[in-house]
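I have placed the structure first, in the form of structure tokens, so that the comments after it can refer back to it.
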Amino acid sequence: MRLFPCAVVLLALLGVLRHGRASGLLELSLGKFRNVLLNQTNPVEAVIRNIASNVTVVIFQVHAQQSSVVISFDKNPSVNSSGTGVDKGLVSILRPQQSVCTWYLRSRDASQVLSTAISIPYMEKDPIPGGCNLEFDLEVDPNIYLDYTLVDIHIKFAPANLGYTRGANPPSCDSGTGQNSRWRLRYDVYQYFLPENDLSEMVLMSHIRKMSEVQSIKANGIKMLTLTTDDKTNVYFSSLPGQGVIYNVIVWDPLWNTSAAYVPVHTYACSFADLVDNCSSLSKLSTKVFFTALAVLGLFTCFFGHRFWKTDLLFMGFIFTAFFFFVFITRVTGLGYDVRLTLTAVAGITGGLFLVASWWRFGSVLLCMFIIGLVLGFLFSSMVFFTPLGDYRVFRDDVVFWVTFSSVALMIPVLFVGCPRILNILASAMVGSYTVILAIACYVYTSLAYLTLDLLRRVLNDYFSRVYTNVPFQTNDFIILSVWAMLALSGVTVQLRRERSEVPFPPHPYVTWKRERERRSTNVLDPSHHIPPLRERIHNKLLHIKEFFQKEQPAGERTPLLL
């Protein structure tokens with residue numbers, strides 16, 4: 001839920017009145033958050049006094065939701081002494097006897113920006129985040145830099161250095177690789193999901209506090225991986241447009257068992273400013289039409305798929321053909337999304353009709369059941385890799401992943417080769433009910449859509465193997481998962497009860513038609529033997545329709561009177 005602008009401003013003013021100032025002087029305490037309303041013309045001077053002598057480093061950071069802020073050591077910021085962004089921080093290396101730190105804040109744009117600020121102290125044995133920066137502008141850079149696309153999120157950060165006492169020279173970053181150098185440091189990358197379907201500023205401000213300090217990060221965040229100094233300090237995650245995510249890194253010194261946190265960074269993987277496809281309306285109209293229509297057919301198939309066998313074949317053939325055609329057309333062409341989706345729908349219908357026609361002509365139940373089992377197998381294999389198993393390092397290798405994925409998918413038709421009716425009922429209920437979930441995802445965010453979307457991303461993007469695909473699972477997802485389970489179980493139960501006294505599959509239609517035609521031509525006692533040919537029947541029908549529209553003649557004398 002997004003708050004209206006007036007409500008946001010009102011809450012911001014209330015927060016500022018309680019915890020901070022809109023301009024001028026901002027008195028801070030170590031480890032305490034303060035809300036502050038920033039503007040472009042009047043910078044806010046943030047001051048911390050009475051810093052203890054055992055504190056050697058202070059990391060000051062400020063966070064806003066969507067508008068960038070400028071944080072600097074001086075009133076007139078320079079490239080090497082300031083940072084600009086929605087999540088920015090500066091490291092102050094304290095001199096001997098220093099007990100006061102000062103920073104300056106302002107918004108980059110003309111509008112007022114609600115932000116929250118905190119300063120975090122560290123001691124001489126704590127590692128210094130970004131202390132060995134060689135890539136970014138700041139000499140010591142504790143920030144995490146984030147870029148996103150519709151497919152993935154990329155975070156990167158500067159390596160840390162060992163802590164040291166006030167007034168001492170910092171340890172060399174390249175003096176060696178032994179246990180007395182920065183190479184002993186370890187980096188734990190954490191992820192934290194904001195509440196689903198909530199894009200309000202105040203929610204972000206309250207939750208980002210949980211990802212700013214070491215103990216709070218460990219208590220609330222999800223540890224995704226650990227990097228050593230030999231690894232590159234960049235990580236990729238799957239993009240979740242419309243879902244707020246906070247990332248942070250804890251650097252750990254195993255010798256002293258001390259830790260320090262970088263500046264947390266957040267993203268919604270979408271733009272608040274765009275008029276179309278912004279964070280509040282992510283699904284395109286074509287996507288909604290496509291998946292809503294598919295869900296209607298899927299819901300029918302879920303409960304009546306086995307009884308209406310040709311409809312079931314049309315549905316499964318559509319899914320099978322549409323998936324591979326969309327992958328092909330995306331790989332080899334540069335067509336727009338709407339055009340590709342339209343062509344995919346046409347190809348899917350064609351594939352479904354072809355499967356129906358193949359069964360009608362050749363009557364190969366085995367071929368049809370293999371395709372149906374393959375569709376169910378792909379869904380089941382996607383469910384397996386949707387679990388934390390999918391983020392295991394061994395599956396970063398595309399060969400290992402696809403061999404394992406295909407083996408799991410093929411296992412389904414192989415296991416049910418002796419009971420095709422059960423396989424068809426399970427497939428129609430599971431796959432049909434999941435299309436309803438995909439349709440729901442077009443209107444309300446749910447992580448269950450990424451069960452198959454992440455598979456499609458991996459097929460379409462060669463570099464998606466490096467991405468961590470963790471997604472949130474919150475109240476909304478539990479409700480939708482319950483709906484899916486209820487639909488699938490109901491579909492299986494209804495079909496099993498209805499079909500228990502019926503033949504497993506309808507007879508071969510082409511053979512039945514040929515047998516019926518031969519019977520009619522040889523059995524003269526059969527009333528159907530005397531049915532006129534098709535051409536004569538059509539001619540009689542047309543004459544009947546023509547007579548219906550002719551004007552009725554008056555009754556009585558029809559010849560003129562003779563004079």
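The backbone N, Cα and C atoms fix where each Cβ goes, glycine too.
Whatever TrEMBL says is automated annotation, not expert-curated.
Taken from TrEMBL as is:
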type	residues	note
DOMAIN	292-496	domain 'TM7S3/TM198-like'
SIGNAL	1-22	signal peptide
TRANSMEM	289-306	transmembrane segment
TRANSMEM	313-333	transmembrane segment
TRANSMEM	339-360	transmembrane segment
TRANSMEM	367-387	transmembrane segment
TRANSMEM	399-419	transmembrane segment
TRANSMEM	431-453	transmembrane segment
TRANSMEM	473-494	transmembrane segment
Contact set, same chain, for the transmembrane segment (473-494): CB under 8 Å, 6 or more residues outside the stretch: 193, 195-197, 299, 302-303, 305, 425-426, 428-430, 432-434, 436-437, 440, 444-448
Seg_contact(the transmembrane segment (431-453), the transmembrane segment (289-306)) with at least 3 CB pairs under 8 angstroms, min sep 6: yes
Non-local residues, at least 6 beyond the ends, that sit with Cβ under 8 Å of the transmembrane segment (289-306): 312, 315, 318, 341, 345, 421, 424-425, 427-429, 431-436, 438-439, 441-442, 487-488, 490-491, 494-495, 499
Same-chain residues at least 6 beyond the ends of the transmembrane segment (399-419) whose Cβ lies under 8 Å from its Cβ atoms: 369-370, 372-374, 376-378, 380-381, 384-385, 426, 455, 458, 465
